[in-house]
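A short write-up of the structure that comes next.
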Amino acid sequence: MAFYGIASNLVNYLTTQLHEDTVSSVRNVNSWSGSVWITPILGAYIADTYLGRFWTFTVSSLIYVMGMIMLTTAVSLKSLKPTCTNGICNKASTSQVAFFYISLYTIALGAGGTKPNISTFGADQFDDFNPHEKELKVSFFNWWMFSSFLGALFATLGLVYIQENLGWGLGYGVPTVGLLVSLVVFYLGTPIYRHKVRKTKSPARDLIQVPVTAFKNRKLQLPQNPCQLHEHEPQYYINSGKRQVHYTPIFRFLDKAAVKDGNSGRPPCSVTQVEGTKLVLGMMLIWLVTLVPSTIWAQINTLFVKQGTTMDRSLGSSFQIPAASLGSFVTLSMLISVPMYDRYFVPFMRSKTGNPRGITLLQRLGIGFVIQVIAIAIAYAVEVRRMHVIRVHQITGPKQIVPMNIFWLLPQYVLLGIADVFNAIGLLEFFYDQSPEDMQSLGTTFFTSGIGIGNFLNSFLVTMVDKLTDRGEHKSWIGDNLNDSHLDYYYGFLLVISTLNLGAFIWASSKYVYKRETKEVNEGCIEMDSKALEISPLGLQV
């Protein structure tokens, strides 16, 4: 609620209260939102290496609360806001802008320790070795995101209305109080939480050690049989509580790190260490093809909102729908779709495929990306229609209302909500599930950083498109006056790159090999059924 209470309407605050232009406001929203989703890399590293998830979340949540209090102060005190006289507003002073953005980025810093750790801490409460709890864990991320969507729904319906009609101070004060209440609720459960024990002091060390050792051994020949690579005895894993990971034939250049009697001058890496590095490389490949979908998602709180402000938002004779409130339909479609997915779709597909998840993690992502392409295609068609209405009625003024109901935008919002049930929840579960055992907080940051980079990418695209198209007699595709721009061209551009990206995802997913952990040993060598490897949809098999 706190995050979406800011993000969903920030572009309007920047343009109406701080008087920024459209491109600058979109760029600044994307930069802040991108930072919120990028800082979890630092928070996850601190959690996995030093403090653990509980204490990292605790410290970061206090920083988050401090940022919310500062932001509420920034929008409440007259001395921290630009003054207006007879409808003419002064430009915000340097100190006013600085305090506002310091508040925003304090929140981003706090989010760095909360976002990657609270969901993984929740997943840690399930015991993978208990069949009943393991079955429950399959649904955990669905219901985790469901609860997050409830907060987002209140933000886009209630908080946005409060901000625009009752005041920005109250609109930011409510989520600040809500955040404090939620932390009290969280800490009430402290005595009964399970805390996952860190088995490695520096879990990310293998990501450096394995490639370096493989490079030093680059001139050595790999054995014909992977069983001849170095691996610890089964008793080592029993004593340490770690899990042994199957050998896989992908990224074979890394296998040289496990060659016995190598040239590195130190004991060789184990197959399990090498496979952990392979998992991260495989996830990076999938991560790369999630950046464009994250860019599409960034439109919801930026250009979709500005597009909505130009349309007929009247509901009845006196009520005006806040443009940002249409984002609530993204959340509503999610809230309706999650139970349907979890209670009907998964059991139906489970009966067909035998997969506890119903479909594989990558199949889930693929379905979400397809729906997203359809959504941006509809957004393009609606904008073409809006431009047609503008020409027919000869509308040119930036504040003229286009006689076209804002609910024309509804299908693109709803479809993006349904798409997120597949790709947002799917990505969070995929990166948690496929990460090396001691790097699951860091693994989750693949999800958050993808969203962050997507926001930065959208900021870059908006800036470059504006510069390249605003030349000579040509109008910018994304000008301050959207009634005299070509937003339809920009949406068409997004449609093309998202379609190409879908093809890239299909290729990347065809190359990906799921993580398979086992304790089955035959004569000191891990047995692996290659057929099972090709068809197994499970991310975790013990």
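Glycine is treated like the rest: Cβ placed from N, Cα and C.
The transmembrane segment feature in TrEMBL is assigned to 54-77, 140-162, 168-189, 279-300, 320-341, 361-382, 413-432, 444-465, 489-509.
Within its own chain, the transmembrane segment (361-382) has Cβ neighbours under 8 Å at 286, 290, 293, 296, 299, 304, 408-409, 411-412, 415-416, 418-424, 426-427, 429-430, 433-434, 488, 491-492, 494-495, 498-499, 501-502, 505-506, 509, 512, 514, 537, 539, counting only residues six or more beyond its boundaries. Counting C-beta pairs under 8 angstroms (sequence separation of 6 or more), the transmembrane segment (168-189) fails to reach the transmembrane segment (413-432), with fewer than 3 such pairs.
Between the transmembrane segment (140-162) and the stretches 54-77, 320-341, 444-465, 489-509, Cβ pairs under 8 Å are most numerous for 320-341.
Same-chain residues lying 6 or more positions outside the transmembrane segment (444-465) and placing a CB less than 8 Å from one of its CB atoms are 23, 26-27, 30-31, 33-38, 40-41, 43-44, 115-116, 119-120, 283-284, 287, 290-299, 302-303, 427-428, 430-432, 435, 476-478, 490, 493. For the transmembrane segment (279-300), the residues of the chain that approach it from at least six positions outside its boundaries are 30, 33, 207, 245, 250-251, 254, 327, 330, 362, 365, 368-369, 372, 375-376, 379, 413, 416, 420, 423, 427, 430-431, 434-436, 439, 443, 446, 449-455, 457-458, 461, 494, 497-498, 501, 504-505, 508-509, 511-513, 515, judged by C-beta separation under 8 angstroms.
Here the transmembrane segment (54-77) has Cβ contacts under 8 Å with residues 2, 6, 13, 17, 43, 46-47, 96, 99-100, 102-114, 117-118, 121, 167-169, 171-173, 175-176, 179-180, 183, 193, 195 of the same chain, all six or more residues outside its ends.
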